[in-house]
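Undergrad: Below is one structure. I have some questions about it.
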Amino acid sequence: MELTELLLVVMLLLTARLTLSSPAPPACDLRVLSKLLRDSHVLHSRLSQCPEVHPLPTPVLLPAVDFSLGEWKTQMEETKAQDILGAVTLLLEGVMAARGQLGPTCLSSLLGQLSGQVRLLLGALQSLLGTQLPPQGRTTAHKDPNAIFLSFQHLLRGKVRFLMLVGGSTLCVRRAPPTTAVPSRTSLVLTLNELPNRTSGLLETNFTASARTTGSGLLKWQQGFRAKIPGLLNQTSRSLDQIPGYLNRIHELLNGTRGLFPGPSRRTLGAPDISSGTSDTGSLPPNLQPGYSPSPTHPPTGQYTLFPLPPTLPTPVVQLHPLLPDPSAPTPTPTSPLLNTSYTHSQNLSQEG
């Protein structure tokens, strides 16, 4: 949704800029005239690279581009405009007439490019001076192709340039469209209705509230987006805070404190496996010998305790009786479950023998 809102705001800004701006005619920009003059020089220089340039079979009529500056200043603006429009129109007709006399040659290609530049100049002047029918001016006949390119250059440097430098500012202000004032409060819905029908439905659905200006709407959107950033950061921090809890659970499961394992195995403590039925206590390691009391503070070498051991209590020393007692000896009285079990087992063996 944020991307859609951003695109709509950009569209509104572009629409407002196109509506409020008053584009001046191309002729009011002197860079256009400078570019046309540079391009005409480039075309004229390429003419010398053509292999064969012959005079035209039939002379063409070209406008008279020479003028007197003093006489030019005394003329009215309308007379100057009609004179320039007539000269450019005659030049375009002369270029097309000269090209029609040639076949597909290098000169014909250059004349085609020159006609495009003349059309561009004529369109720019008509947007500034109007499209009234210009009167016929003075003309001269020429057969030399170089005269066509030179006429265009002299026209740009002379009459057109002086027209724009002297009275161009007045003409540009007169021909510029009036600017429309922007109301202090503009509804976004009303502005969006002026857009094409494809986007009007989407814009009316997404935006039902009005804003004062398009700039304030963009500012509110940025503030709303910034307000969402702390919430995203809080969610991330909460997720990070849950990680230690999962680690503690895993640690407890591995240590066997959840009831999954009764305790550390003999392999964990380093004790070897003892097969069932083996009663040789001499082969047992020291930590499994009867009467061995491990130190809670100093475990044996190579062994580690996972949890602190409780305080050691005095362990009674248990003496094992032989499996086959002497029948003449008095029967001992068992004092513990372990002695009782060994005594019963010895009696069973003696009866079987």
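Note: Cβ is positioned from N, Cα and C throughout, glycine not excepted.
Predicted, not measured: the structure shown is a model, and the values here were computed from it.
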Undergrad: In Swiss-Prot's disulfide listing, CYS50 is paired with one of CYS106, CYS172. Which one?
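TA: Swiss-Prot annotates a disulfide bond between CYS50 and CYS106.
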Undergrad: From the set THR79, THR180, THR199, which residue is assigned the annotation O-linked glycosylation site by Swiss-Prot?
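TA: Out of THR79, THR180, THR199, Swiss-Prot attaches the O-linked glycosylation site annotation to THR180.
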Undergrad: Swiss-Prot annotates one residue of SER265, SER328, SER342 as O-linked glycosylation site; which residue is it?
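TA: The O-linked glycosylation site feature in Swiss-Prot corresponds to SER265.
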Undergrad: Please report the distance from the Cα of CYS172 (disulfide bond) to the Cα of THR58 (O-linked glycosylation site), rounded to the nearest angstrom.
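TA: With the alpha carbons as reference points, the distance is 40 Å.
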Undergrad: Counting Cβ neighbours within 10 Å across all chains shown, tell me which of the disulfide-bonded residues CYS28, CYS50, CYS106, CYS172 comes out on top.
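TA: Answer by Cβ density within 10 Å: CYS28.
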